[in-house]
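Enquirer: Structure in structure tokens, see below.
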């Protein structure tokens, strides 16, 4: 999965990531697409790097909202979505 695909899948999440509130169903669909496409360690590390880059590039993202997003969508991502995450530690 490319960073462009990760960003495309998360485009509907920007409002929630910035302001909180209700997570749109289309956002959760994107989150689940990313998770389902991350089958190998290399995939998970690549997605992590893309998420880190996106978190740093989009203005106004609330770190607490980013951390809460997987749970709000009913999925478990085995690492924290944060600009400080060490993607190389992901298996």
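Glycine is treated like the rest: Cβ placed from N, Cα and C.
Remember, it's a predicted structure, so these values are computed and weren't measured experimentally.
What Swiss-Prot shows for this protein is this:
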type     : residues : note
BINDING  : 44, 79   : 1,2-diacyl-sn-glycero-3-phosphocholine binding site
DISULFID : 3-50     : disulfide bond
DISULFID : 13-27    : disulfide bond
DISULFID : 28-73    : disulfide bond
DISULFID : 48-87    : disulfide bond
Enquirer: Where does residue 79 (1,2-diacyl-sn-glycero-3-phosphocholine binding site) sit by DSSP, helix, strand or coil?
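Expert: Assignment for residue 79 (1,2-diacyl-sn-glycero-3-phosphocholine binding site) reads coil.
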Enquirer: Near residue 28 (disulfide bond), meaning Cα within 10 Å, which of 3, 13, 44, 79, 87 (recorded positions)?
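Expert: Of everything listed, what lies within 10 Å of residue 28 (disulfide bond) (Cα to Cα) is 13.
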Enquirer: Between residue 87 (disulfide bond) and residue 44 (1,2-diacyl-sn-glycero-3-phosphocholine binding site), how far is it from one CA atom to the other, in Å?
Expert: 8
Enquirer: Closest of the recorded positions to residue 27 (disulfide bond), Cα to Cα, picking from 3, 44, 48, 50, 73?
Expert: 73
Enquirer: Measure the Cβ-based neighbour count of residue 28 (disulfide bond), defined as the other Cβ atoms within 10 Å of its Cβ.
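Expert: There are 19 such Cβ atoms around residue 28 (disulfide bond).
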Enquirer: CA-CA, which of the recorded positions 3, 44, 48, 73, 79 lies nearest residue 13 (disulfide bond)?
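Expert: When the Cα distances are compared, 73 comes out closest.
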Enquirer: Output, ordered by sequence, the same-chain residues six or more apart from residue 50 (disulfide bond) with a CB under 8 Å from its CB, or 'none'.
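Expert: Non-local contacts for residue 50 (disulfide bond): 1, 2, 3, 6, 7.
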